[in-house]
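Working notes, beginning with the structure itself.
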Number of protein chains: 6
Amino acid sequence: MALVLKISGRVFDNEELVLKYAEILNKLPGRIAVVAGGGEVARRYIAVARKGGASNTFQDLLGIYASRLNALLLISLLKDAYAKVPRNMEEFLEAWGRSRIVVTGGFQPGQSTATVAALVAEAVRAAALLNAANIDAVYSDDPRKNPNATRLSELKYDEFERILRSSNLPGGYELIDTWAVSILKRSCITTYIFDGRTPEAIEAVVRGENPGSKITC
Amino acid sequence: MALVLKISGRVFDNEELVLKYAEILNKLPGRIAVVAGGGEVARRYIAVARKGGASNTFQDLLGIYASRLNALLLISLLKDAYAKVPRNMEEFLEAWGRSRIVVTGGFQPGQSTATVAALVAEAVRAAALLNAANIDAVYSDDPRKNPNATRLSELKYDEFERILRSSNLPGGYELIDTWAVSILKRSCITTYIFDGRTPEAIEAVVRGENPGSKITC
Amino acid sequence: MALVLKISGRVFDNEELVLKYAEILNKLPGRIAVVAGGGEVARRYIAVARKGGASNTFQDLLGIYASRLNALLLISLLKDAYAKVPRNMEEFLEAWGRSRIVVTGGFQPGQSTATVAALVAEAVRAAALLNAANIDAVYSDDPRKNPNATRLSELKYDEFERILRSSNLPGGYELIDTWAVSILKRSCITTYIFDGRTPEAIEAVVRGENPGSKITC
Amino acid sequence: MALVLKISGRVFDNEELVLKYAEILNKLPGRIAVVAGGGEVARRYIAVARKGGASNTFQDLLGIYASRLNALLLISLLKDAYAKVPRNMEEFLEAWGRSRIVVTGGFQPGQSTATVAALVAEAVRAAALLNAANIDAVYSDDPRKNPNATRLSELKYDEFERILRSSNLPGGYELIDTWAVSILKRSCITTYIFDGRTPEAIEAVVRGENPGSKITC
Amino acid sequence: MALVLKISGRVFDNEELVLKYAEILNKLPGRIAVVAGGGEVARRYIAVARKGGASNTFQDLLGIYASRLNALLLISLLKDAYAKVPRNMEEFLEAWGRSRIVVTGGFQPGQSTATVAALVAEAVRAAALLNAANIDAVYSDDPRKNPNATRLSELKYDEFERILRSSNLPGGYELIDTWAVSILKRSCITTYIFDGRTPEAIEAVVRGENPGSKITC
Amino acid sequence: MALVLKISGRVFDNEELVLKYAEILNKLPGRIAVVAGGGEVARRYIAVARKGGASNTFQDLLGIYASRLNALLLISLLKDAYAKVPRNMEEFLEAWGRSRIVVTGGFQPGQSTATVAALVAEAVRAAALLNAANIDAVYSDDPRKNPNATRLSELKYDEFERILRSSNLPGGYELIDTWAVSILKRSCITTYIFDGRTPEAIEAVVRGENPGSKITC
């Protein structure tokens, strides 16, 4: 069974972390689809574009190009990854099956890389989606705001959706968008959320552990 | 300023209606992007695929292929439409600007053609999105269920989102998905919703009338 | 050695039959190229386009899009088929060799899917072309018109061409076009024609039987 | 109204003739689609491939590549031609409309460039197809074999088909294949056949003259 | 006559400068091809890749992806630029002619964006190549090393090549590679080199002035 | 480890030689990338284009198309070659890994096929580049001009560059361009240069012999 790994864009702002991810992916057995986020480069380019009056379409495209740059960096460090960054689902399906690892970035405007990861997980009928996030687990509320927020090791998609919706207020914490969740839920794909700064968590999940939160349908 | 026209897939199940849309688009001045839905053909193919155990990805792709068939039918009847059906935003942007009319269908799995229409409206900085729907206007509740539902001629996106969310229950009425709405809202694009069986409504909107509901930010 | 299977578009108008073909292809060993016809969906869209004054080019393209929809439906039901529908010979050659099964539809205007099947058979140096047709065998004349028409179990391409030419009159029966035959003949590819409603015939041919007609050079 | 010009591959074996065609096309007003044949280069490469046991598919592809080389040579000499050689009908349709002149070669195996020209003429709803051939007109029989063959200035497609079929014997003269003729006939496109060594004939046709044979439906 | 503008990657490290370039290009009349360099983002990604043992091919590809991100940023700020970043000469030729401005980045490994600019200048038969560089003009030697280096307002390509070759030592200053120069020389395209931090220099060149160095054949 | 074989265009002017190369490549074990030159066909088409005033860009493109025709001829004769001719590095990388042998021609204007071979060698991290040249080895000077030129069996890239530069005068001999050499040098790829008329030299190199010159870093 294949795995899908979503790597937060922020990971790519840290050189050592990128090399560590490559090292782990080179050792990991089985087939893996990786989806890279945009990170600091994306944010910086989007800011300039917005300042100059660019449309939302182009702001999003800049984020997508930045995520593809991150994807290519990872490809350059892997031993048996597909040599190109697929730009949409049809290209991804074409790439998948020819190489052990396929790395992609964003697909199109108006869509997060988390949603790309969910769609990819559905397309490869993934055993699980591993989300290397900016937070170490799912909490009942934003832990940076609410000291009473409790850490949730295991939860169902219905509960996850409720949490995301209630915290989707100004100040709410961005973990994954509801569109991505609805896709994972409709195909019953288990999601693991863990801290992106600890790439060893990937190996933990493969060993059957739960280094952060595990979400099931 | 360009217009975007979203045509419900059901329109394509009615031969006379398709010819009427083509007639009106051939007379309409200005630049137009059209997004075709999947309709009965989509539903039938998806049903067979599901019965045979196909993944959600392929079920969605079948709907996309069916919507592209509808798009091509419309192209074949138009005088100055772009000759191909763009398959993603990058292809759409390439097509746009070369022909007065560009007709597209679905873009990718996990995404409605309503969302494609919203993304296209954003990309062309459209004056308005005209939604030729399966209902004649927005109602405060599902009119087929609730006899007290009131017809709303003008409303704001915030109110529209509230209605969509509350009716997003089993039995709720499907008009447009919340992802499409969030895109239209972030770019402040006016949406007109009218009955897809009355293509003359397009001309009414162009004349400044409101044949169904008008949603603004 | 590879096989090429041409499936009449009419098969796709019958849900059960489609599922049965998928089941057989999933069990069949060896490499297989499948070419899907357009069927009822093609006919219906072409009729609307013709009524609206569309060119022959677009009428043919609608038939091609419909055949691709049929091809994708089959792909969605197969375990190791190539995930995309090749759109011309160059794309087909690229796909061939990467998956055990490649499914395609029409290639271009002015060309039948029977001709596509013949070209594909030539390209993969197929052992045989299996034509799942709208008739159960080749007859000396149109059996629906001439009660004296005799069923031909084995025949040569020269004789086949003579029959096709003589029956190529108003009212003649359409089985395969002469262009397809001339390609099969020049590359000496054996063709089996059998009733498309009996997919088991594929297994019969593989076992060395002749369920309908066998044409050789 | 657009014109389609089919240039026999042999023209490209003659440097002066190629330059003369470019000169005339650069002066000619209106929109023009040009289809280049393969010529001596095609024949030579196909011969080597056949000697080495290559399939018919690759033999045909070599002819197509050679015709694209001829097409590019013409493009390099034209002032407002589309810069690329379209490789199939979908690419041709994309190119058409963006430049005054589009030059193409062969499209796919098993198909002559005469057929490409017929399909292109249909696609652009051409006023006429100008066939710069290896012969100066249509004759009632092969003039190189039969001294009584009479030159036909005007004829109908039905008569043309009869002549082509009867001379389609070993030793018959190759002018245009019957598949191309059936396409031209179904769309009622007038064909002019004239000697490819006299490019001035193009201007004659545009002036309303008939320098060789004129075939109508 | 068209202009080609090569913008040093370092310009894209400065937000204000990028906006200023966009402003000037939006006002400039005529047709313009722009080639963006890679800048700081390119350098940073290449450094990580090298550290992780990536091949030169991938190191170069990362630089190319970074330059395409810069190109897209500029496109997002321009009013009538082609919406995509061409990835090779064939795509560039396809884009050119459809929009007033086409912006590209690197084309392929082993090749500088200066060379891309030279090839593009040749392809569009440019009146001149404007090189917005990291230095304000050509000097007889590296001005940062040799205080006696003299500023050269006008020079010939032969002299320019001599200077580049002699300074192509460890410590020599990188202005433009000799491959780019050999292309500009063979097609006799005038090059203007000026300080990339002063985008107004573009308008000066258009007015007939020489804000830095002018190189002719 | 993979090998890269650069075949001089002149080889393709000799039918027997082409068949011999195919025979040897069909027997050779391991993975091989082949780069075909343009030869006589290229020279002839470029000459016509130049006479008609075509740009350097199109002259180069004609040479590239001719080299692709040569590449396809070789593909048609090989048993397990990739069926298409990659047109740039991104397409090459996509093809590589799917077939034992990938054959390519030129990539883009302003670049020799020797440079393509060097870039390809870098991309596949080739054990060696085998250059089937128009000369049997590297000489200290042009042997056709200088009777005292000595044959060099082994040399370093530094020495090779010195020789190429000094002979890069009118009348100097064209063996490989300095751009190609700089790429081979930066990635430390061993080059073997031998007489293209003796394809057996390929087997000699594989056996560990040095049939011409061996260049190392």
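Just so you know, glycine gets a Cβ as well, placed from its N, Cα and C.
What Swiss-Prot lists as ATP binding site is F:Lys6, F:Ile7, F:Ser8, F:Gly9, F:Arg10, F:Gly39, F:Arg43, F:Asn134, F:Tyr139, F:Asp142. Per Swiss-Prot, UMP binding site is recorded for F:Gly38, F:Asp60, F:Phe107, F:Gln108, F:Pro109, F:Gly110, F:Gln111, F:Ser112, F:Thr113.
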Filtered F:Ser8, F:Arg10, F:Phe107, F:Pro109 - binding-site residues with C-beta under 8 A from chain E: F:Phe107, F:Pro109
Per-residue Cβ crowding (10 Å cut-off), top of binding-site residues F:Lys6, F:Arg10, F:Arg43: F:Lys6
Which listed residue (F:Phe107, F:Tyr139) has most other Cβ within 10 Å, given these are binding-site residues: F:Phe107
In the chain carrying F:Ser8 (ATP binding site), residues 6 or more apart in sequence that have Cβ under 8 angstroms from it: F:Gly37, F:Gly39, F:Ala132, F:Ala133, F:Asn134, F:Gly196
Which listed residue (F:Gln111, F:Thr113) has most other Cβ within 10 Å, given these are binding-site residues: F:Thr113
Candidate with sparsest Cβ neighbourhood (10 Å radius) among F:Gly38, F:Pro109, the listed binding-site residues: F:Pro109
Listed binding-site residues among F:Gly38, F:Phe107, F:Pro109, F:Gln111, F:Thr113 whose Cα sits within 10 Å of F:Lys6 (ATP binding site): F:Thr113
C-alpha spacing of F:Arg10 (ATP binding site) relative to F:Gly38 (UMP binding site), in angstrom: 7
UMP site, defined by F:Gly38, F:Asp60, F:Phe107, F:Gln108, F:Pro109, F:Gly110, F:Gln111, F:Ser112, F:Thr113: further same-chain residues with Cβ within 8 Å of the Cβ centre: F:Gly63, F:Ile64, F:Gly106, F:Thr115, F:Val116
Diameter of the UMP binding set by C-alpha atoms, the set being F:Gly38, F:Asp60, F:Phe107, F:Gln108, F:Pro109, F:Gly110, F:Gln111, F:Ser112, F:Thr113, in angstrom: 14
Integer Å distance between the CA atoms belonging to F:Arg10 (ATP binding site) and F:Thr113 (UMP binding site): 13
Pairwise CA distance, F:Arg43 (ATP binding site) versus F:Pro109 (UMP binding site), rounded so that it is a whole Å: 15
Where F:Phe107 (UMP binding site) sits in the secondary structure, as DSSP reduces it to three classes: coil
For ATP, whose listed binding residues are F:Lys6, F:Ile7, F:Ser8, F:Gly9, F:Arg10, F:Gly39, F:Arg43, F:Asn134, F:Tyr139, F:Asp142, the greatest C-alpha pairwise distance in Å: 26
C-alpha spacing of F:Arg10 (ATP binding site) relative to F:Gln111 (UMP binding site), in angstrom: 18
Rounded Cα separation (Å) that holds between F:Arg10 (ATP binding site) and F:Pro109 (UMP binding site): 20
Cα-to-Cα gap, F:Pro109 (UMP binding site) vs F:Tyr139 (ATP binding site), nearest whole Å: 29
Integer Cα-Cα distance in angstrom, F:Phe107 (UMP binding site) to F:Tyr139 (ATP binding site): 29
